């Protein structure tokens, strides 16, 4: 026997209670009494209620006066007052409804029936649907994980009966809840700590802990408005849910679970913020706030003490899995990353077998993710790898991760790792030999980052040359990566995935890529890989109107241009001109996007802009972006041929160019976009024709091809022409079936010829191999030299190279030199240190060694003087090498030099070791840093930790007496770029001494040499700009409002 009392909770300004009374009067099983709260006894609504048919037919009406207070009283207090005088004996049940709750006629009967079908039931909840749209769900029970993360939400879903099998649940909302009266009192009613819509879940959880089941009766339907749910602030509700879950779990696990909530929610908040979902991110931060405010839960735990009769682990089946609880967050991220997939999921991609309701949703779409990859992309990428291996068949051993990579005209051997590259970029004293304070190359930063990633691979030999391995794999991966980037870029112009795959192969076969790889031009090769994406970004920016996607494409393109500008700055000039064209001539918002593309990439170069300002010629330089070869004929340039030997396939680019030109004759949007690409192609072609005419200077003596004129390599700009042509050709063939009957055959034939010619061009390149200029690199120096250069003494090698009657020389150590060749820096003098005592001493030492005047090279200057063993020690030279045959005349001269001991060497290098200096047991070997006594004799050495004598708290080999000096083998200006300390006290260099010398205090112990870093202010500003641009470049934003 069930005695049911309806507790009707009203709200200020809520619906009139007569609507609820009407719904109660229509119940197949009517309640025995109704308690109305929140209304004055003389309120007109109360008078209407007293005269309602439900009351006239026997239901007892009770009215509770409103609680005192200026604000709306909490639900806990209202409900406690409403039930204070009610009988809570056996068989008494309370049905909690709000003034916006409208139960269906069978609702109460279904709820009561659920209590009779099972034993031990304490609470039953109905299926809640939206009051205005009953076909959409509000709740069918409630579920959270043990830590309080909401499970799969049913709110807003179309009610298709998919949840009608639910029975036992963790909780139900207060609205529509049928609760046993005695249990309500046993549990202490609603807990005052947990309001904001969490009251029902908390009461249900306590019911479980007290040994009473909580059910949901899907057959009992209640149309529920928003006010009765109690959720005023969703983030506050999230916080209360977390606090409640932590309070209802075991006390000993509460701290650990709170830490887990904080860590996981912070990561989720950051991820959601990155994908531009601030509301969801705020919800995660609300979880953090809930975990960090445990006192509310502690009070609730105390009030419920002693009432638990069920072990918490016995409730495990009621909690959703962590995977299902995180599904909503992952769906948000996937919807942001793949909006088209989100649209497909929301539209329901599966076809129906017959007529269905227009509101029906695809449940399969909600269960399965959207495939973001495609078989054409996978297959064409694998094909690109196979073609790359075939193309590189002659130099495959250069791909070994434990060797020194490959070498070519613009890629020299190097023995450096990511740390060496970073130091060359970050510290103000850099470069090979004695070093200098010349500005760094901008490409050092991205190359350092990529090299560091390569070093993490388990197969890379850290003692080898990770930097050379990185450059080699960039060149090798250029072909398959070009296929991938062209596939992605042509998404904006081609709908067919197979057509995009073919476009990727055509792009990989264009002449600039082959020429760049075979000559070791890392910068232009990287540009060829990324330029299709850049051109597609410009194409998106040129469209009329605003939108998150176009803004993201604009900033993403600017970031790519910033990266390319570090390797090939000349592309930024071209991009600036194109951006200004867009700014002046573009429609609507495209003008603002054009201004971003014109200016932002330059800002991303940071302090290097000062170097460009001092010598604008550097803009046309870059990593492998210059040449000394004569310019090719203009007609060859028109065919996208960057120069060099002619090939029978020279003409095979014509079909692609003609097909691209056809695009401007397409009607509508395709024709307009093809016109934009035509303008970009013409600008790029003009640049390719102009740069060979702009002479940057002539190579100085000591460089290969000294006296040759240096110009920018036109292949970089021909890649830009090719990218514009590729996308324009895509516009020509996309949906060709919609063209006129007269033009359709012409375009089809042109497309077929272009595909055959393009694939033939790629096949010819692969079949021919990489050519003689790309070879497997040998280590720049023998293993003993490399080991000593990176060891504690950081020894250098003085390398001599006979060239006719003269000898050039290079002083090299562990510091990387100009291994990605930039002739623009060579002609501007940035690769040769300014003349000083160290350079003069070096030149004099070479003169004394070879017995004749030397010609200044990239690392030296002319000078005369005696070449002695002490001079070599002053230079930190541990080895002398001669790049000549073993029977060269200089071999005999060096064999007779005191202090040099011949070691042998390699095929093209004869090697000598420099002897230690001193007498008896006081011999001191060459080193980068040593201690000198008052007589000028070396006492001991000091181990170094990094490039250019960087030392991290090293100690001299022996005790330091009074009057000694610390001597460092570096350039004369080196003291201005380091801080030297002994036992924490800063030392001051002797301004008249070379090598740089510092007076040491007696007994000096820990010695530190700290290089001075670049001014971080501009770098931090650049980093902030880059981070902001990266955030704006995320292709995320509001969901589309319509599905097409």
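Including glycine, each Cβ sits where the backbone N, Cα and C put it.
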For which of the residue intervals 251-275, 276-300, 301-325, 326-350 does TrEMBL record transmembrane segment?
251-275
Listed range which TrEMBL flags as transmembrane segment, given the options 554-585, 586-617, 778-809, 810-841:
554-585
Would you mind telling me which of 443-463, 674-694, 842-862 TrEMBL tags as transmembrane segment?
674-694
Among the ranges 554-585, 649-665, 674-694, the one whose Cβ pairs under 8 Å to the transmembrane segment (501-517) are most numerous:
649-665
With Cβ distances under 8 Å as the criterion, find the stretch in 251-275, 372-392, 523-542, 554-585, 714-733 that has the most pairs with the transmembrane segment (1018-1037).
554-585
Of the listed stretches (467-489, 523-542, 649-665, 674-694), which one yields the highest count of Cβ-Cβ distances below 8 Å with the transmembrane segment (554-585)?
523-542
With the transmembrane segment (674-694) as the reference, which stretch in 251-275, 372-392, 523-542, 649-665, 745-767 has the largest tally of C-beta pairs below 8 Å?
649-665
